[in-house]
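Here is what TrEMBL records for this protein:
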type	residues	note
BINDING	38, 55, 109, 110, 111, 244, 245, 246	ATP binding site
BINDING	227, 343	substrate binding site
DOMAIN	30-279	domain 'Aminoglycoside phosphotransferase'
Ligand code: SR1
Ligand code: MG
């Protein structure tokens, strides 16, 4: 079948043709995609309740329109990455039922009993299993796709399947370039102009971003998810599912760990509004910071254990090397977390945690908190010694 963007009716017809539902079934189809790039259809059989998700890539970036063409190959990358992640972390990603490259379509498990984590955090929900689950996901996917945990020739071949230049270019521009200059891609409230212009002039910040950008462009440490924000994570109090790895490519590990931390901190900034009282705000912020600390400590312990037990590289057992590697990974995590916070305040794509705050004065306070913490993380990344640095900067950032 040649590529065409599905309507809700097309999705039903295709599902029946492929035998996912009987021909006579009464199937409801709803387009529910609220991301920046793709169509997502939720299909349910009215009688049996059986449901599946169809995710279809559009040949352009939905958030901008047809003027921004985008490769359909990202659907292949996404389903291949999901399959690799599913093998390494059973239960932590949705099951892929089918993949149709010509239609840029992936058919996968319906996760509607979960909620998108960004929404859950805005509602100040606690997820007691999340830190353990996401640190497992990060440790296992990053370790076993790296030269530490996989045959180094196989890794190079695998890298070839995940070059992903067009989606990397989005990241290179939107995260590591546009926010630091007067780019037409930026979009921000006029009330924030002075803060944004100060950031455009901040050469110390630009110097650190240039180093982090170089890492993103040149370091092929592990197969990354590549876009691990809280809109790419479905949660329930007892379950975590990572979705949407269409940005997957071989890059620096800290980029994925930093993405999770950044998005918890964006919600931390947004609590200026979402918490109704000072006490509620202090409680939920403490929960977010505790979660960040648990994610890093859990990740580090699991990654070191995998290294000690399954390391394939003789030289990586050289005394002192693991400590050196983990410290650098922590510093990268902190630097990338900062970049990922800053881009969501005045770059092209924002986050609901801050953008949905209606009162401009409160929204501005949240934006300034996010920019302050983000800049501190970027500027301090190469001297940070522990995850406490992030916690301390978050507390300071909220005190202004
Ligand atoms: C044009 S795409 C904008 C953003 O959406 C995706 O989720 C990525 O974060 C990308 O940077
Ligand atoms: Mg996405």
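Each residue, glycine too, has its Cβ placed from N, Cα and C.
244 are the binding-site residues among 111, 244, 245 whose C-beta comes within less than 6 Å of an atom of ligand 2, given in sequence order. Those residues noted as binding ATP (38, 55, 109, 110, 111, 244, 245, 246) have their most widely separated CA atoms at a distance of 18 Å. Spacing of residue 109 (ATP binding site) relative to residue 227 (substrate binding site) is 20 Å (Cα to Cα, whole number). If you take the Cα of residue 245 (ATP binding site) and the Cα of residue 227 (substrate binding site), they are about 7 angstrom apart, rounded to a whole number.
Residue 227 (substrate binding site) sits 8 Å from residue 244 (ATP binding site), counting Cα to Cα. In sequence order, 53, 94, 234, 241, 243 make up the list of same-chain residues 6 or more apart from residue 111 (ATP binding site) whose Cβ falls under 8 Å from its Cβ. The 10 Å shell around the Cβ of residue 244 (ATP binding site) contains 25 further Cβ atoms across the protein chains shown.
On the 0 to 100 pLDDT scale, the domain 'Aminoglycoside phosphotransferase' (30-279) averages 97 in the predicted structure. A gap of 21 Å separates the Cα atoms of residue 38 (ATP binding site) and residue 343 (substrate binding site). Cβ-based crowding with a 10 Å cutoff singles out 246 as the top-ranked of the binding-site residues 109, 246. Ligand 1 lies under 6 Å from the Cβ of 227, out of the binding-site residues 55, 109, 227, 246, 343. Looking only at other Cβ atoms within 10 Å, the busiest spot among the binding-site residues 110, 227 turns out to be 227.
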